[in-house]
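What Swiss-Prot annotates here:
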- 1-21: signal peptide (SIGNAL)
- 43-53: topological domain 'Extracellular' (TOPO_DOM)
- 85-91: topological domain 'Extracellular' (TOPO_DOM)
- 102-106: topological domain 'Periplasmic' (TOPO_DOM)
- 155-163: topological domain 'Periplasmic' (TOPO_DOM)
- 172-204: topological domain 'Extracellular' (TOPO_DOM)
- 212-215: topological domain 'Periplasmic' (TOPO_DOM)
- 224-245: topological domain 'Extracellular' (TOPO_DOM)
- 253-256: topological domain 'Periplasmic' (TOPO_DOM)
- 291-295: topological domain 'Periplasmic' (TOPO_DOM)
- 304-326: topological domain 'Extracellular' (TOPO_DOM)
- 335-338: topological domain 'Periplasmic' (TOPO_DOM)
- 347-366: topological domain 'Extracellular' (TOPO_DOM)
- 34-42: transmembrane segment (TRANSMEM)
- 54-63: transmembrane segment (TRANSMEM)
- 74-84: transmembrane segment (TRANSMEM)
- 92-101: transmembrane segment (TRANSMEM)
- 142-154: transmembrane segment (TRANSMEM)
- 164-171: transmembrane segment (TRANSMEM)
- 216-223: transmembrane segment (TRANSMEM)
- 246-252: transmembrane segment (TRANSMEM)
- 296-303: transmembrane segment (TRANSMEM)
- 327-334: transmembrane segment (TRANSMEM)
- 339-346: transmembrane segment (TRANSMEM)
- 367-374: transmembrane segment (TRANSMEM)
Amino acid sequence: MKVKVLSLLVPALLVAGAANAAEVYNKDGNKLDLYGKVDGLHYFSDDKSVDGDQTYMRLGFKGETQVTDQLTGYGQWEYQIQGNAPESENNSWTRVAFAGLKFQDIGSFDYGRNYGVVYDVTSWTDVLPEFGGDTYGSDNFMQQRGNGFATYRNTDFFGLVDGLNFAVQYQGQNGSVSGENDPDFTGHGITNNGRKALRQNGDGVGGSITYDYEGFGVGAAVSSSKRTDAQNTAAYIGNGDRAETYTGGLKYDANNIYLAAQYTQTYNATRVGSLGWANKAQNFEAVAQYQFDFGLRPSVAYLQSKGKNLGTIGTRNYDDEDILKYVDVGATYYFNKNMSTYVDYKINLLDDNQFTRDAGINTDNIVALGLVYQF
């Protein structure tokens, strides 16, 4: 019986971090779920900047309220706290925080810190035990989590076509707060939540469409964002007026088998370590997993991000370079719905050369061991 229960529970746990949430309150049309996890995590690597303790925890809630029989309000917040640093250091941050309204079959609208629509497709390969999803990153235009997202989502195409979903999104500017990119004192480029240039963005729009049918899924997403003045200086490669992303993906999720692949082409949007952005980048991720009934889930994946005609900084000229390239082999074992353990081996295929050293890109292998309690 335990084996059968695990075979049903594990796929549900992989869908979303809140899938295993604990219901705190459910009365009179108001519902609040609490979810979280503690990951006792250790990295083994020759790269001393990552080797060692990586323990962290995440905590969040999802709430909704029934306003009318046609209208539902909702909100979500998720926070991460590092457990590998002394108490004197502030190592915690908000991952998502947004609120919205859902109008039955018409769709939903929300605003706040959320996931960009490009992640609607690229998330299909972001399922490795520890690594993965690194051909993009947070606060990277509309490719993953970011600030100031206004999102409209429609599920099952107005209730007419099961499995056909689409989204349209706008992101407001998140630029410098110091005024360093405002030489004329016009206020252009300044926002109230400033950050360094590598994590800035101008106004952007994007959209996604996905279709799922009997375990098969296909999806596509696009985004186009203005770039800030601070991003278009001689200090960085990859200057340009706009950052653009085009992605497509396929997946199969049935019969204990999970297969997914995505290809993304970006222009002035893929970060190249600390050097800036690739004028053009070709990103590819593929993953295969199998869920055994007794709780074991082995995983194998390949990820690559290749920058094209990267450009010049100072006296250095960079042409075509691999920004990221590795094979990932790992496995997760689920004791039950609340407890699991995993090992994940990142086999780095990058060469240690002048480019990787200039960009601060790691070229060493990493083995991750984790023990997870989630609720």
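Cβ atoms are placed via backbone N, Cα and C, with glycine included.
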Which sequence positions outside the topological domain 'Extracellular' (224-245), separated from its termini by at least 6 residues, show Cβ-Cβ distances below 8 Å to it? 118, 141-143, 171, 173, 175-176, 180-182, 188-189, 197-198, 200-206, 264-269, 272, 275-279, 310-313, 318
Do any residues of this chain, six or more beyond the ends of the topological domain 'Extracellular' (304-326), have a C-beta under 8 angstroms from a C-beta of it, and if so which? 131, 134-135, 234-239, 270, 272-273, 275-276, 278-285, 346-350, 354-355, 358-359, 361
Please give the sequence-distant neighbours of the transmembrane segment (54-63): residues at least 6 beyond its ends with Cβ less than 8 Å from one of its Cβ atoms. 17-18, 21, 24, 30-43, 74-84, 95-96, 368
Recorded stretches the transmembrane segment (367-374) and the transmembrane segment (34-42) touching, at least 3 CB pairs under 8 Å: yes
In the topological domain 'Extracellular' (347-366), how many residues does DSSP call helix, how many strand, and how many coil? 6 helix, 3 strand, 11 coil
Given the transmembrane segment (34-42), its same-chain partners at Cβ distance under 8 Å and 6+ residues beyond its ends are 17-18, 20-22, 24, 52-62, 83, 130, 368-375
Secondary structure tally of the topological domain 'Periplasmic' (212-215) (DSSP, helix then strand then coil): 0 helix, 2 strand, 2 coil
